[in-house]
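Peer 1: Got a structure for you, written out below as structure tokens; questions coming shortly.
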Amino acid sequence: MLTIGTHTFTSRLLLGTGKFTDLQIQNQAVEASGTEVLTFAVRRLNLDQVNEPNFLEMLDLKKYKLLPNTAGAKTAEEAIRIARLAKASGLCDMIKVEVIGDDTLLLPDPLETVKACEVLLAEGFIVLPYISDDYMLAKRLQQLGVHAIMPGASPIGSGKGILNPSALQWIIDQATVPVIVDAGIRSPKDAAYAMELGADAVLLNSAVSGATNPVQMATAMKLGVEAGRLGREAGMIPVREYAVASSPAEGMITT
Ligand SMILES: CC(=O)[C@@H](O)[C@H](O)COP(=O)(O)O
């Protein structure tokens, strides 16, 4: 089970809803992924225009926990304002804190992220910060009391997969809260690899929404996450420098 704050999930795949061009396909992909958590940018919802259509309305929201995110925020103040709006709208008490400090790489600003987390934790939110794969930052955020850490595998939408497995491994090895590898995932292999490294979950969006067949890719990602987790739990053989024969030589008849 994946436990984030007071919420518990069976699925370890979190899905972003930001880039689907067809809402029917989105819904089928969400279903196929087996996800229980959907993340979305609060600014994409017309919270003050309740009669306007929104991209969540076609989903059976009783089946999913919503994870609003603060995408679009460039400062802590903006992220805090968006988080408060999400909570006041009854969306969820969880918030993915995403404060982007750079338009080219869309990498999170660590200083603004920490500032936003401090305030939101004090206000009782369940806080999930999106961060770079920075070991010390992950540790400091944990000390603050965040409920999960979301290090990026590579820049959002880049599809570069896991750029620095060692950095993720270090974060995972010291983690006292769930580690959700978020962003940059391209293939089921990447999702499986994140889980093999010991991640508690994977969050992705572009890989599914941008696939030629999003529904099929959603299924593949579900299986990738499950396979990686299963393999990790099964206990993998150590990597060795030199060959070890598959058939033991002991007891063999020699001529
Ligand atoms: C929707 C969401 O939260 C994204 O910002 C997330 O970081 C996923 O990134 P990819 O689109 O690279 O999977």
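Using N, Cα and C of the backbone, Cβ positions are placed for all residues, glycine too.
Note: TrEMBL annotation is automatic and uncurated.
So TrEMBL lists the following for this protein:
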type: DOMAIN; residues: 4-248; note: domain 'Thiazole synthase ThiG'
type: ACT_SITE; residues: K96; note: active site, schiff-base intermediate with DXP
type: BINDING; residues: G157, A183, G184, N205, S206; note: 1-deoxy-D-xylulose 5-phosphate binding site
Peer 1: Restricting to the domain 'Thiazole synthase ThiG' (4-248), report the mean pLDDT as a whole number.
Peer 2: 94
Peer 1: If you count other C-beta atoms within 10 angstroms, which of the binding-site residues G157, G184 is the most crowded?
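Peer 2: That would be G184, with the highest Cβ count within 10 Å.
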Peer 1: For the recorded 1-deoxy-D-xylulose 5-phosphate site, whose residues are G157, A183, G184, N205, S206, find every other residue on that chain with a C-beta no more than 8 angstroms from the centre of their C-beta atoms, and list them by sequence position.
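Peer 2: Leaving out the recorded residues gives G16, P155, I156, S158, G159, I185, L204, A207.
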Peer 1: For S206 (1-deoxy-D-xylulose 5-phosphate binding site), what is the tally of other C-beta atoms lying within 10 angstroms of its C-beta?
Peer 2: 18
Peer 1: Work out how many Å separate S206 (1-deoxy-D-xylulose 5-phosphate binding site) and K96 (active site, schiff-base intermediate with DXP) at their Cα atoms, rounded off.
Peer 2: 17
Peer 1: Grab the 1-deoxy-D-xylulose 5-phosphate binding residues from the record (G157, A183, G184, N205, S206) and give me their largest CA-CA distance in Å.
Peer 2: 9
Peer 1: Near the Cβ of the residue listed as 'active site, schiff-base intermediate with DXP', how many other Cβ atoms are there if near means within 10 Å?
Peer 2: 29
Peer 1: If one measures from the C-alpha of G184 (1-deoxy-D-xylulose 5-phosphate binding site) to the C-alpha of the residue listed as 'active site, schiff-base intermediate with DXP', what distance in angstrom results, rounded to a whole number?
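Peer 2: Per the Cα atoms, G184 (1-deoxy-D-xylulose 5-phosphate binding site) and the residue listed as 'active site, schiff-base intermediate with DXP' stand 17 Å apart.
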Peer 1: Going by DSSP, give the three-state secondary structure for S206 (1-deoxy-D-xylulose 5-phosphate binding site).
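Peer 2: SS state of S206 (1-deoxy-D-xylulose 5-phosphate binding site) = helix.
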